[in-house]
Amino acid sequence: MPELAYTPLDEITQLHSTLRSTFRTGKLKPIAYRKYQILQLAYLIKDNAERFEEALASDLGRPKFESRFVEINPSLTEIKTAYTGVDKWAKPEKPAFSLNFAAMRPVIYKEAKGVVLIISPFNYPMWLSVGPIAGALAAGNAVVLKPSESTPAVSSLFAELFPKYLDSDLVRVVNGAIPETTHLLDLPWDHILYTGSGRVGKIVATAAAKHLTPVSLELGGKSPVIIDPKCDLKMAAKRILWGKVVNAGQTCVAPDYVLVPREFQETFIQALKETYQSFYPADTPSSAPSAYSRIVTPQAFSRIKNLLDNTKGTIAIGGDTDASSKYIGPTVVKDVTGDDSLMSDEIFGPVLPVVPYDGTVEEAVKFVNARDHPLALYVFSQDGEFKKQVFEHTQSGAAIANEVVLHPGADGLPFGGTGPSGYGMHTGKYSFDMFTHLRSSMDSPSWIDAILGFRFPPYTDKSLAATKRLLVTLPARPSGPPAVNAGKSKWWGKWFFLVLAVAIAGGLTKRDKIAKN
Ligand code: NAD
């Protein structure tokens, strides 16, 4: 493993103050300069894509294909979105027309928050660093990135390349572990984006509160999958197993566990076995080091192995591990119960517990609701009612049907959690919004006081009468609560009336023709 040079603490204090001074000079006010920096960030990755692939292979044993598919390409897309979007996003906006205030020329200016801190995790060390940096730069902020110490090759590469491509008065990397991050957190920031575990998320939010710094927390948790026995089983097994093997399950939105009706468990396991054989036809993934990621650190390996060693479920696929290479093979454990070791924490590794339940899908929903709101909730079903039953009765960062893992990269969708899976959201325009202050502005003309002069003391009966004229007119008082499905007309109802109208019109035309003949 390469040695990672940690940033000295006094240098951290120094660079924080440099960035604050440069921010105040307004260097990032011109959109053209922001775009220049964003494009430099894109070329930092494009020119060095192979070095990043090597670094990701060194840190995570990541196959080249995965690094391209889930890290390098999405990072470039994210940066390009910021580059092309910033002109429009940064434009001042007028609020909706209001007769009362239009004359005061209300405007919303999109202003940078200031100097922001981005703390990123090990599992997607590029995407979760450069994507937010692009959003922060687009919004006009100076940025400090604190990448993970668990990915020394990628973090060293950032430290080497950032000064070569980016304006060091505006963007800096701080490398280190807990002491360096603690020192960073002692300083005042204008926003902190933290991506990582809930445990550290609480430390970050507490430190930020001391300076009243706004925080976005992108956390993890156990993302469940609920299976409808009538789903497209082959497709479901393929996608779920892929979601668990990509990056060796070290994905915040990896399917963490699967809920299946008890009588369907064996059929589902059989489908997973067939999929496993199609993924690794020759041998186990351990014999193909370039085709399967490894666990990031020996500590993470021991944590996952410990969860697996203590399960009371039955291993149906895999279960093979090797501490020296931090290898854990894709593993499926069946007959897992809610109090099992595998259900005690986010697994964050290539182990998939299958939890059978009795009764209807309502039991699966109850199981999910008895736990923290997940970052993602997955359903595999072709039945609209089944999906509705799950999604309408649960809460989660995202609600995804018949797909896994891909949604954080989907253009236009915000990525974020709810409750213990985090707060705030990013990617695309949402990253820009996260780092933007919406500054309300008005410029009121003198003549307004000809109308609003009554607001000034001394308050008289005439002033009071004037305020009565300003009273808000409300909709009519309701006669009672609305009927349960009020306002929700069924789509087929509209179509029925449309078809009926066309048929009547057609009939009348025909009758007219007959009458004429
Ligand atoms: P982590 O919380 O251990 O570390 C993340 C960052 O926090 C690192 O930069 C680390 O240096 C710093 N850190 C660690 N301990 C600290 C402390 N005591 N004080 C201050 N800073 C500290 O997280 P990780 O292991 O790198 O990532 C795994 C977690 O991140 C999982 O729970 C996963 O679900 C979550 N995650 C969430 C998202 C998302 O977008 N919601 C994305 C990726 C990962």
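Heads up, the Cβ atoms here are built off N, Cα and C, so glycines get one too.
The active site annotation in TrEMBL covers GLU218 (among others). Other Cβ atoms within 10 Å of the Cβ of GLU218 (active site), summed over all protein chains shown, number 27.
Here the Cβ of CYS252 (active site) has 28 other Cβ atoms within 10 Å, regardless of which shown protein chain they belong to. According to TrEMBL, the feature active site maps to CYS252 (among others).
The feature domain 'Aldehyde dehydrogenase' is assigned by TrEMBL to 20-439.
Here TrEMBL flags 491-509 as transmembrane segment.
Put simply, CYS252 (active site) is 9 Å from GLU218 (active site) when counted between their Cα atoms.
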